[in-house]
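Annotated in Swiss-Prot:
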REGION    108-204  region 'Disordered'
COMPBIAS  109-131  compositional bias 'Polar residues'
COMPBIAS  132-141  compositional bias 'Basic and acidic residues'
COMPBIAS  142-158  compositional bias 'Acidic residues'
COMPBIAS  184-196  compositional bias 'Polar residues'
ZN_FING   212-235  zinc finger
ZN_FING   256-314  zinc finger
ZN_FING   316-361  zinc finger
Amino acid sequence: MISENGYMDLMRNCIKWNSRQMEDRKKRLRFPYYEHQTATAQRESRFTTRNVDHMYPSNDPNTVVQFATERWKKSKSQPPSDAVEMSMFLRENPSIQVAIDHLTPQVVGPTTESVSDSSNDSTTIRPSRQTQIKEEYRDDYVLDDELSPDEFGSDEDDWSSRKRRKGNLGPVQKATSSRKKVPTTRSSVSRLTPSRSIVKETKYEEPEEKTYPCDKCSAKYKSLAGLSYHQSYLHDQKSSQPLVKLLSPSIEISTSCDFCSGTAFMNKNTKLPEDLVSCHDCGRSGHPSCLNFNQNVTKIIKRSGWQCLECKSCTICGTSENDDKLLFCDDCDRGYHLYCLTPALEKAPDDEYSCRLCQVEFGDKASAPAKK
């Protein structure tokens with residue numbers, strides 16, 4: 001039998017170990033961490049912490065207590081940069097705008113005469129069948145998803161669902177809304193139960209703000225890489241004004257390399273001083289030699305910034321979806337979706353790859369020069 005003093009010492013050590021684990025997790029909330037107890041990679045989310053008032057008894061005899069499951073909701077997709085560039089083009093060319101407006105057919109709404117009743121006593125507009133179903137019925141599967149006792153909340157839900165979503169989405173499939181459409185088949189209508197309660201509206205998460213505006217036009221981008229690509233692609237002349245700050249003051253910049261744990265004063269692999277490059281989205285740092293960067297990459301990231309592998313997004317569309325379709329340039333380390341390139345690529349090249357901007361800037365010194 002263990003003594004009381006020994007038991008208290010074990011509890012103190014356990015508290016210290018838990019506090020160190022939680023402190024390490026709080027420092028890196030944006031990245032998945034490896035849980036040694038379950039041997040899985042987990043990600044911090046609002047579902048991690050549960051209160052006592054969230055518990056409710058389960059109908060399953062093998063379950064003592066369970067928590068209500070919360071449905072995952074995808075944020076609204078941002079408008080593509082092509083729409084912004086098109087609006088800028090039409091603003092500078094009003095004659096083209098007038099021609100488009102002239103060719104576009106105008107949709108005329110129904111008049112009250114066409115929808116009025118045949119009798120002269122009253123004039124009413126009859127609501128459609130779908131509107132009546134939305135007001136009088138509520139779909140059962142929405143309640144089943146929220147209150148089903150067979151589904152249990154877990155710390156791994158957020159991480160695993162994100163990985164599955166990335167793997168299943170194709171390059172052509174684009175999600176425009178997270179609201180499920182109610183099928184209009186006879187079998188689905190028969191499952192609807194009458195209810196006069198107010199239909200609960202779907203709450204969307206606020207989309208990420210575009211905090212990198214262009215100093216020459218009204219275009220805005222979510223990442224500095226997208227802004228740099230926009231300025232190089234649309235504005236050929238070099239801007240006389242200084243570029244926006246590469247790193248936000250709200251980001252905590254790491255002063256040590258994530259690969260060799262060295263600093264700017266000494267690289268532990270080469271035993272020589274070497275400047276660190278930091279991600280402008282999360283603040284993680286690394287030595288260019290530890291990242292296997294060549295001189296071209298170092299030159300570009302000093303001017304345009306750098307994104308680490310976890311924060312990497314497509315420079316053209318600005319999203320990080322379909323990361324298995326991302327192609328990285330060997331001269332600037334920017335990421336491009338295979339289907340966002342012009343012309344689009346079916347698969348990544350077997351040898352080195354250089355984007356169009358690097359081929360123009362470095363010429364024959366690029367990793368993959370343009371074919372003449």
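Cβ atoms here come from the backbone N, Cα and C positions, even for glycine.
Helix, strand and coil residue tallies for the zinc finger (256-314), in that order: 10 helix, 7 strand, 42 coil [DSSP]. Counted with DSSP, the zinc finger (316-361) comes out as 9 helix, 6 strand, 31 coil.
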